[in-house]
Amino acid sequence: MNLHEYQAKALLRAAGIKTPRGIIIKNSVEAKEAAQQLGGNRWVVKAQIHSGGRGKAGGIKTAQTLDEVHHISAAMLGSRLKTEQSSADGLPINEVLIEEECRAIATYYLALTLDRPRQQIVFIASMAGGTEIETVAETNPEAIIYAGVNPAIGFSPYLSARVGGALQLDKSYQLPLTKLMNRLYQLFIDNDLTLLELNPLIITEDHEFLPLDAKISIDDNALFRHQELVDLRDTTQEDHRETQAQELQLNYVPLDGTIGCIANGAGLAMATMDIIKLYGGEPANFLDVGGDATSERVKQAFKLILTSSRIKSILVNIFGGIVRCDLIADGIIQAAKEIDLKIPVIVRLQGNNVDLGRKMLDECPLNLQAADDLIDAAQKAIAAAQ
C-alpha cells in the first residue's frame, strides 16, 4: 500500500523528523488561505498522486503570489496527471499540498528498502538527489551507496559514518545524520514498510537535514496490525481491478497484452505467462486464484479479466492438487454462461478428477476448448488471439 506525500511526511514528523511546513487542500478556494497561513512570499504547489516523476509532468510548481497559488491549485484539482511512472490514463488529483519553499545548499537521495537478494534492509544514498534513482542506477551506478543493516544488530552508527563519508559530508553533519538514519530505521521497522524514500533530502541554509519529498510503501501482508495506516488508503489512486481482486482474495496484476491468464498458484501463473511469451503471445495479466480455488472464485476471476477491452482469448491453467478439476470446470462453464462469453477460452487441466473436468468442457456447447498440455494450451490461446 502506498501513501501520499503529505501522509508520509506526517509519519516522519511523528517519528521526530522535521519536514517543510505545509497544508493539504481539497478545493482551490482553500489555496490562498493556506498560503497566507504558511506566510512568506514563495510557495510550492504539489499534486498528490501515487506516482513518481510529478515534477517533470507538471505536478509540482512554484508560486510567487497568492493568485498564482490559487490558479495553479485550481488547474490541478479535479484533473488527471500522467507521469512516466503512471498508467496511460494518469491518476486523479483530488488533493494538493501547499508548502513553504525551502532553499538548499546541498541535495541528496536517501532511502530505506528491502534488499531481497541480500535478505536484509538496506540504506541507499546518493549525491544525485532530486533525480530518479532508477536513472542514476542506469547511467551512473557508482554514484549510489548501499549500506545493509545486519538484522541481528539493527541500526548502528557505523552505517551513518559509511553513508556520511560516501556523501562527503562535513563532520559537523555526522551526528544529525546518525539521528536521522536511526529514526528512519525505527519508522521503517515499526510500520512494516517496504520503501521509505527521501528524494530530495536537502541541507538547508540553517544547516539542517530536511526532506522535500517523501515516499512510503507499506507491506500489504502486515496491514492487519496497522489499522491506523489502512485508514490512510486512497483507492482512487489504485487500479480498480486490483482493488476488486483484493476484495475477492485474488492475486491480480494487469499487463498490456491480449491473452487473459488464470492459474492456481503464483508459480504456475508465472509459468503460464512465460510460455505465452515464449511462443510469441502477450499476457494481459497475472492472476492467481489460489491453491484452494473454488468454482465461485474462478467465476469472479473471469469477470475481473473481462473488464479489460483488450482481451482476445483466455488461457486457464489449473493443477488439481487440493482443488478438483471438475469443480474448476464447473466454475468456468458457469462463468461463461453468466457473462455470455464471446471470446475463446482454452483450458488446461491436470490432476485430481481431470478426466471428469475435461469431459464437462467437451460436452459444453460454449466456446471452451480443452488442451492436452501447457504448450498446446499456449499455442491455441495465441492463435485465438490473432
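Cβ coordinates are placed from backbone N, Cα and C, and glycine is handled just like the others.
Listed in Swiss-Prot:
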- 9-244: domain 'ATP-grasp' (DOMAIN)
- K46, G53, R54, G55, E100, R103: ATP binding site (BINDING)
- N199, D213: Mg(2+) binding site (BINDING)
- N264, G321, I322, V323: substrate binding site (BINDING)
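Shown here: features listed in Swiss-Prot, placed on the structure.
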residue: K46; record: ATP binding site; Cβ contacts under 8 Å, 6 or more apart: E5, R54, G59, I60, V96, L97, I98, E99
residue: G53; record: ATP binding site; Cβ contacts under 8 Å, 6 or more apart: T83, E84, Q85, S86, E132
residue: G55; record: ATP binding site; Cβ contacts under 8 Å, 6 or more apart: none
residue: E100; record: ATP binding site; Cβ contacts under 8 Å, 6 or more apart: P20, R21, G22, L38, G39, G40, R42, W43, V44
residue: D213; record: Mg(2+) binding site; Cβ contacts under 8 Å, 6 or more apart: E5, L198, N199, P200
Distance from I322 (substrate binding site) back to R103 (ATP binding site), taken between C-alpha atoms, in Å: 61
For the binding-site residues I322, V323, the one whose C-beta sees the most other C-beta atoms within 10 angstroms: V323
Those binding-site residues listed as N199, N264, and which of them has the most Cβ atoms within 10 Å of its own Cβ: N264
Coarse DSSP state, helix versus strand versus coil, of E100 (ATP binding site): strand
Three-state secondary structure, which DSSP defines for K46 (ATP binding site): strand
For substrate: widest Cα to Cα gap among N264, G321, I322, V323 in Å: 10
I322 (substrate binding site) in three-state DSSP notation: coil
Of R54, R103 (the binding-site residues), the residue whose Cβ has the fewest other Cβ atoms within 10 Å: R103
